[in-house]
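What follows is a short report on a single structure.
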């Protein structure tokens with residue numbers, strides 16, 4: 001029982017590391033200028049290390065000192081977690097375009113007619129060869145860390161499960177495995193909650209004093225302390241690794257049961273030729289690919305679609321969507337047990353669950369709003385104001401790349417104060433934050449020059465947020481009721497002595513066909529809906545604005 005407790009703790013903290021990465025992915029994209037395709041590849045890269053080794057490990061499982069192997073794997077996972085946070089410490093502080101010509105800098109993106117020299121190009125200063133190299137180093141470190149995370153995770157689940165199954169009594173084994181199974185679902189949920197907590201702090205909390213931070217966490221340029229959670233999670237993994245070095249290789253066995261490992265290729269072909277096994281696994285592959293893609297980018301979707309902070313988006317996923325999926329799995333298992341279902345009834349239940357899920361999820365296609373009006377991106381003023389609008393900021397000599405979005409009093413967004421022709425910035429002296437921009441020649445209200453507030457205008461979609469959360473949670477519950485019956489279909493339709501091998505093959509197929517490509521495909525699809533890319537050194541970096549309707553539909 002102590003082993004089960006330790007193993008639950010270890011699996012929880014291991015999943016905390018990978019779940020936390022998914023919760024901070026949109027922040028890491030923004031901080032290091034990554035496209036969603038790149039970040040999707042990063043999120044699924046741990047599966048690469050995992051897949052390469054999992055078959056060998058399952059094969060040698062019974063011959064090695066399993067607890068010690070689990071301990072070593074956990075140490076690797078913990079190292080990987082610390083490595084993930086390393087980029088923060090080897091790169092300089094986060095730079096963003098500021099319009100504040102106060103104590104910190106004399107460049108500005110206000111409209112300053114007739115001073116062409118002052119602007120400079122705000123972002124080009126950071127385009128030295130060393131800056132380019134720095135970004136490559138960051139990606140390299142993160143990909144290595146992800147590969148290590150995968151390799152370290154290899155022995156943890158299979159060895160732990162087989163160790164428990166070998167030495168627990170027949171009656172208790174399902175209970176113990178059930179406990180571990182529920183922990184593996186809670187893990188990512190806790191990861192998202194951790195993300196929600198950490199992303200409220202500013203990224204450079206350790207490098208700059210509070211007075212110098214001029215962003216609020218609602219600002220689109222805000223980057224939270226993504227690295228902090230990795231330190232917390234990695235420390236937890238390191239702690240839970242310790243007891244494993246003290247467990248024995250064998251424990252006194254309560255009741256014996258023999259697994260006969262079949263001759264490898266024969267068993268493989270026998271299982272893959274089995275139509276029920278193959279069809280159910282392919283169905284699970286399709287569902288898992290969707291879950292993998294959604295888990296990675298759902299937070300980003302909520303942030304963009306409903307103008308939420310990263311912190312709030314993670315909170316919703318960790319507190320609503322993931323517990324919903326857990327409820328579904330439990331309910332599915334309970335129905336199975338209560339009605340002692342046959343295999344045919346199991347498959348009918350799976351189909352019913354998926355069909356109802358589709359019905360509930362269909363309205364999600366329409367629950368959202370178009371992108372806010374952004375001058376020069378989604379909207380050209382000339383259509384409304386004739387020629388005057390285009391010339392209103394010509395004399396400003398705006399830096400091309402400035403990104404410091406403001407919301408005009410006419411409810412239209414501008415990429416920077418300069419592009420709106422604002423000549424004055426008013427600063428709140430208490431905390432150095434920007435109150436508003438005034439004398440803006442491009443924002444006209446009743447013929448007078450308007451003003452603007454810092455930050456984006458938002459999508460004005462908040463009223464649809466609640467229905468979206470309710471429906472997506474419901475869809476998740478319905479889809480996950482098919483989880484347990486689909487496992488039963490697999491376990492009961494194959495020969496008993498092939499059981500553990502068939503489950504191994506199933507997980508390998510899920511990894512290769514779903515968990516690896518899922519996030520990459522989703523990320524690429526999301527990238528196709530971008531309408532304004534940030535440029536770093538003339539290369540595409542992170543996306544500034546998406547076409548929200550396309551983003552939602554794709």
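Including glycine, each Cβ sits where the backbone N, Cα and C put it.
These come from TrEMBL:
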- 386-441: domain 'Kazal-like' (DOMAIN)
- 41-62: transmembrane segment (TRANSMEM)
- 69-90: transmembrane segment (TRANSMEM)
- 138-163: transmembrane segment (TRANSMEM)
- 175-203: transmembrane segment (TRANSMEM)
- 223-247: transmembrane segment (TRANSMEM)
- 276-295: transmembrane segment (TRANSMEM)
- 315-336: transmembrane segment (TRANSMEM)
- 348-368: transmembrane segment (TRANSMEM)
Composition by DSSP (helix, strand, coil) of residues within the domain 'Kazal-like' (386-441): 10 helix, 21 strand, 25 coil
Stretch contact, the transmembrane segment (315-336) with the transmembrane segment (175-203), Cβ-Cβ under 8 Å, 3+ pairs: yes
Stretch in 69-90, 175-203, 223-247 most in contact with the transmembrane segment (138-163), if contact is a CB pair under 8 A: 69-90
Mean of the pLDDT scores, which run from 0 to 100, over the domain 'Kazal-like' (386-441): 78
